[in-house]
Amino acid sequence: AFGVFCLAFFFNREEFGPVFVQEPHDAVFALDSEEKKVMMSCEARGNPVPVYSWFINGTVVETENRYSLIDGNLIITNASETADYGRYQCKAENSYGTVLSRDALLQFAYLGSFSGRTRGGVSVREGQGVVLMCTPPPHSPEIMYSWVFNEFPSFVAEDSRRFISQLTGNLYVSKVQPSDVGSYICLVKNTVTNARVLSPPTPLTLRTDGLMGEYEPKIEVHFPLSVPAARGVTVRLECFALGNPVPTITWRKMNGNIPKKARLRKSQAVLEIPNVQLEDSGTYECKAENPRGGTAFKGHIQVYTFPQWISTINDSQLDSGDQLHWECKATGKPRPTYRWLRNGEPLTPQSRVEMVNGELIIQKVQQADSGMYQCVAENKYGAIYCSAELKILASPPVFSPNPVRLIATLGKDMLLGCRPRASPKPRVTWRRGDRRIQPSRRIMLLRNNTLRIINSTRSDEGNYVCRAENQFGSAEMTAMLWVKEAMRVDLSPSSVEVTVGESVVLSCRVSHDPSLDVAFQWLLNQQPLNFQQEGGHFEYTQTQSSTVDLMIRSILLKHAGKYGCRAQTSADTVLAEAEVLVRGPPGPPGVVIVEEIKDTTATLSWSGGVDNHSPISSYNLQARSPFSLGWQTLRTDPEPVTGDMESAMAVELNPWVDYEFRVVASNAIGTGDPSAPSRGVRTKEAVPSVVPANVSGGNGRRHELVISWEPVSEEFQNGEGFGYIVAFRANGTRGWKEKMVTSADSTMYKYRDETFPPLTPFEVKVGVYNNKGDGPFSGVVTVYSAEGEPREAPSEVKASSISSSEIKVTWRPPNPGPGRPRGYEVSYRKDSEQEESGNRKKTVGNETSMVLTDLEGNSVYLITVRGFNSIGQGPASTTSTAKTKKDPPVQPPANLVWIQEGTNVSLNWDPVKSKDNESDVIGYKVLLSQEGRVHNQVMRTITPSAVLSLPEGGTYIIEVRALSEGGEGAISSQVRVLTSSGKTRLW
């Protein structure tokens, strides 16, 4: 069942009837679920707390055995489809009435098994159509169908020739082919439990008695003649035909168009209409055609809607004898009908009760009419409930508060109210002392039982008693009246004009009855001032009990307005007001409109903003573009733009640039906020007027003239099709050669001519152009053609070994002339290596020597040198050879012995003997370092001994290396010496 429940407004009282908070929903319970319990939810609020009961298919559910209640929720244990399938409804009740929930459908999900019987085979001719039946097992609710071909998981793919109906589950093949021969298994899946079962296989074979000829289409599966659909769901229409050749399916809507949101699926065999609406109702036709003929089927989609509330009922309190008039309205298709419930039972027309089209009228309500009422709107697709409580009041008069103390002022009118709570309405009388008050010219009794005293005097002071009574009882209320002197304003705040940033003081003083206290409040534009939120601009001071001041510091424009001083006693209130006018810079001008745009000018108009009480003296026009740093002030015509103008021309703009404009107003006080930016506009195109800067050139390859420049910014290109005109001529010639460079971002042009020699001087200039025409040229500069790569090789190349890993190379540079080297490259390789595997090393500048490092010891190296510049490399020198020295000894000095001699340390060690492949030892290197410092002392000796002086206190480390032509040998073990106070300790 479908339903929507309306929570009605209920009165703010301690006790009330039940109102649903949660109602049961439709549910599907899987029979194979491990949880064997079903819960139908229901919750209501009320005071007293409601009690609950349930109905299934209109029969009361006995809460015993398998049924139990937890709060309002119904728990069903060991639920079964046979006993528990149906519609459930919850009832909530307390002493104020009873309400029924919407009903909810409980279904059970299961999927049975296919029959185990073997299915007979199907034999057809090639080209014939066939339908393979699925015959699904018992199930609930919906299932999905698919088919397996030969073995799982090889599924049948649907196309224009094969279709699986989700209505029947059958597999339809419009035209059988030899590839279709095999075994087919229907697979069904429960959409709730996801359980799946497979049917026994159905063999499909081809007959051998010939082919099937062509035949016209026959629609085998189609949607129903009438398709009811709830608004908002997706409607799925199926249509598939057998035929040879394979039929084509087309769709149309009779007397209308198929909705644009509709989608065709499964090779047009399925028409899907998502989120179906009332306007999608109508007759739809599917048509199957092939060259042999065609056939069609028509069916009607009827879109329905569940009832929905337009207006509902609210809780009501009525006096006994009053009339109740409730009305509820709902929409739906079909149109809903209405019925009424009182305390869960149907309400029928009676002499006092009338029910017509959702209206309920009860004449002369009685206490017995109290209770919970429900309006039910329903059509064939669902029902919705709305509830409200009717309370019939029956109580004696009650006054609160009682007594009442009132203060009037001399000469003013006074109202004494009398508003008892009672039902039905009571009869009211007034008395003063023992005498009943009779209406007069000064004293009147109003219709609402209020006593009005005109022009109060001292003699009106005293006690006034209001008496109210009805059939349930009576009550009295005493009003004690005092008459006091009226309050008056002695000093009102004065209206003033101030300038932004100045300060002002407003004063206020009143006279009042000395027996009453007075309170003051300051207002701005009739709203109380919030001193905490005004950032310290306002300060309130009370100099005397009846005098207050308001100081406004550093006044702002927003502080302008009407200020009020309100003085109040328990008797009366007075208000004194003054206007504060604040002068300040102008407000922002109105919308800026670009009236006309040209290449370098724009005519702007605007509307003047508020002048903030100081006449506008001038306007500034501002603009910004993608090339500007923020907003820039513009030159104008006329200049200046005076305050009485609302249009002007901006001049000296750049052509073909996107601009936004704004206007800023100024007056004698200052400059105001800018207007909102105008819409973006682009100035018209014009011939370019800015030439490239820094025209120069040089370098390049031999016979090349390289001309370079700084490109012109897009801001100054003035239009589309921007480019450069490069003009040049050799010195002493007359005609200019001109070349077009079409890229606006270009910075260089190269001209090659084999006829001119290196370093030929040229006169050069660079001009600009765009689609509007040619612009000016830059000034003429002299640029030399390229001198080319070096032509000569370095001479006198010499190479000498420094150590086992280093060779020093020197050379003499080539003679001066074109192609001067900017550096040199040294190529080197071992004589046993191929030239391609050699190494190269370049000088930093024009050095004429280089030390090659990281070489192999005792090896011959072949070395050449060539010059290079930005153009390329020159020829290589003749090859020079050098052989690195043998490697230094790998044996470190051993058996270090030291002797202390005062502050000196004598050190001896065993001599190092070189091997045949090592350089001869020519001496030793002794290293002395103080621990914790980087500085080392080095001592050289040709003998295996040394004497070291250690003048400072601290820890010293001593190490020894052998020296050879091939370099330094391995280092010895360390000797650590600790000196302190002139003494030396070794370890």
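A Cβ is built for glycine as well, from the same backbone N, Cα and C atoms used for every other residue.
Unlike curated records, TrEMBL annotations are generated automatically.
If you average pLDDT over the domain 'Ig-like' (18-101) in this model, you get 92. Positions annotated as domain 'Ig-like' by TrEMBL: 18-101 (among others).
Residue counts for the domain 'Ig-like' (124-199) under DSSP, helix first, then strand, then coil, are 3 helix, 32 strand, 41 coil. Residues annotated as domain 'Ig-like' in TrEMBL: 124-199 (among others).
Positions annotated as domain 'Ig-like' by TrEMBL: 217-302 (among others).
Look at TrEMBL and you will find 307-391 (among others) tagged as domain 'Ig-like'.
Residues annotated as domain 'Ig-like' in TrEMBL: 397-478 (among others).
The residues of the domain 'Ig-like' (487-581), classed with DSSP into helix (H, G, I), strand (E, B) and coil, number 7 helix, 54 strand, 34 coil. The domain 'Ig-like' annotation in TrEMBL covers 487-581 (among others).
Under the heading domain 'Fibronectin type-III', TrEMBL lists 588-686 (among others).
Annotated domain 'Fibronectin type-III' per TrEMBL: 691-788 (among others), in sequence order.
Per TrEMBL, the feature region 'Disordered' maps to 788-843.
Applying DSSP to the domain 'Fibronectin type-III' (793-887) sorts its residues as follows: 3 helix, 47 strand, 45 coil. According to TrEMBL, the feature domain 'Fibronectin type-III' maps to 793-887 (among others).
According to TrEMBL, the feature compositional bias 'Low complexity' maps to 796-808.
Annotation source TrEMBL lists domain 'Fibronectin type-III' at 889-982 (among others). Sorting the domain 'Fibronectin type-III' (889-982) by DSSP state (H, G, I as helix; E, B as strand; all else coil) yields 0 helix, 59 strand, 35 coil.
Residues of the domain 'Ig-like' (307-391) grouped by DSSP class, helix first, strand second and coil last, total 3 helix, 53 strand, 29 coil. By number of Cβ pairs under 8 Å, the domain 'Ig-like' (124-199) is matched best by 18-101 from the list 18-101, 307-391, 397-478, 889-982. The residues of the domain 'Fibronectin type-III' (588-686), classed with DSSP into helix (H, G, I), strand (E, B) and coil, number 0 helix, 43 strand, 56 coil. The helix, strand and coil residue counts that DSSP assigns across the domain 'Ig-like' (18-101) are 4 helix, 48 strand, 32 coil. Here the domain 'Ig-like' (397-478) has, by DSSP, the following mix of helix, strand and coil residues: 3 helix, 43 strand, 36 coil.
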